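Here's the structure we're looking at; comments come further down.
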Amino acid sequence: MTRQWETLREYDEIKYEFFEGIAKVTINRPEVRNAFTPKTVAEMIDAFSRARDDQNVSVIVLTGEGDKAFCSGGDQKKRGHGGYVGEDDIPRLNVLDLQRLIRVIPKPVIAMVRGYAIGGGNVLNVVCDLTIAADNAIFGQTGPKVGSFDAGYGSGYLARIVGHKKAREIWYLCRQYNAQEALDMGLVNTVVPLEQVEDETVKWCKDIMQHSPTALRFLKAAMNADTDGLAGLQQMAGDATLLYYTTDEAKEGRDAFKEKRNPDFDQFPKFP
């Protein structure tokens with residue numbers, strides 16, 4: 001099915017589009033298998049931040065331009081002495097900020113993977129909430145081959161997903177795995193023919209959009225709290241505070257302070 005995606009903002013190295021409640025962020029560097037630069041990542045952070053704040057967006061899809069690659073990780077031609085060097089000549093690893101944003105954004109994020117999801121590209125797949133893979137998808141890590149590694153989500157959280165033995169295999173051997181192998185190890189949620197991958201992804205988004213956004217927000221925060229330590233607890237605590245602010249009980253405390261009177265909290269139930 002052909003659908004008309006609306007461009008919400010123009011970028012140099014990504015696309016940011018919208019369709020019926022779905023925001024789609026596309027890495028647009030197909031000539032290098034959608035490898036990212038600091039600029040690519042900065043643009044993705046901006047787009048994800050906009051999607052987070054946009055009341056019309058319920059679900060976010062991350063993908064790569066074309067059928068050959070989702071993302072092949074950091075562009076090694078941009079790698080300098082202390083990180084990836086952008087137009088400002090400052091070496092940085094801002095992809096770590098992007099990973100964290102994808103984790104804490106209070107909306108489901110789905111990776112739509114066609115072709116290669118390798119290195120840092122596979123880590124982006126790992127940190128997304130769900131993954132719809134085309135049958136031509138290829139997954140793997142290359143860090144130890146090129147003098148790099150991801151000791152955060154790319155290894156620790158990966159081990160939570162596929163198990164410690166398999167995660168060590170993925171990193172120590174730097175092999176590549178096809179879509180069915182990725183499905184078997186729990187790295188993706190489903191595999192569909194390449195020509196159907198966007199249709200299936202949109203279908204999953206539409207199914208998700210039928211459900212309570214507050215419930216989904218708390219479920220994501222709860223699962224993150226289990227794996228992300230105090231940072232995960234902070235996310236869930238913030239969500240709880242936000243929800244509390246919407247109650248009459250919280251408003252009574254606020255209004256009493258503004259009106260310089262004692263709050264009347266006796267009117268609210270004390271649930272067991």
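Glycine is no exception: its Cβ is also placed from the backbone N, Cα and C atoms.
As annotated by Swiss-Prot, substrate binding site applies to Arg33, 72-76, Tyr84, 116-120, Thr142, Ser148, Tyr245, Lys260, with the evidence given as sequence analysis. Its own atom aside, the Cβ of Gly119 (substrate binding site) has 25 Cβ atoms within 10 angstroms in the protein chains shown. Look at Gly119 (substrate binding site): DSSP puts it in coil.
Annotated site 'Important for catalysis' per Swiss-Prot: Tyr84 (among others), in sequence order, evidence recorded as sequence analysis.
Taking all protein chains in view, 19 other C-beta atoms sit within 10 angstroms of the C-beta of Thr142 (substrate binding site). Taken from Swiss-Prot, the feature hydrogencarbonate binding site covers Gln141, Thr142, Gly143, and the record attributes it to sequence analysis.
As annotated by Swiss-Prot, site 'Important for catalysis' applies to Tyr245 (among others), with the evidence given as sequence analysis. Close to Tyr245 (substrate binding site) in the fold, though at least 6 residues off in sequence, lie Lys251, each with a CB less than 8 Å from its CB.
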For Arg33 (substrate binding site), the number of other Cβ atoms found within 10 Å of its own Cβ: 21
Rounded Cα-Cα span from Gln141 (hydrogencarbonate binding site) to Gly119 (substrate binding site), Å: 4
Nonlocal neighbours by CB distance (under 8 Å) for Gln141 (hydrogencarbonate binding site), same chain, sequence gap 6 or more: Ile118, Gly119, Asn122, Asp150, Gly154, Ile170, Trp171, Cys174
Those binding-site residues listed as Gly73, Gly143, and which of them has the most Cβ atoms within 10 Å of its own Cβ: Gly73
Number of Cβ atoms other than its own within 10 Å, given for Ala117 (substrate binding site): 33
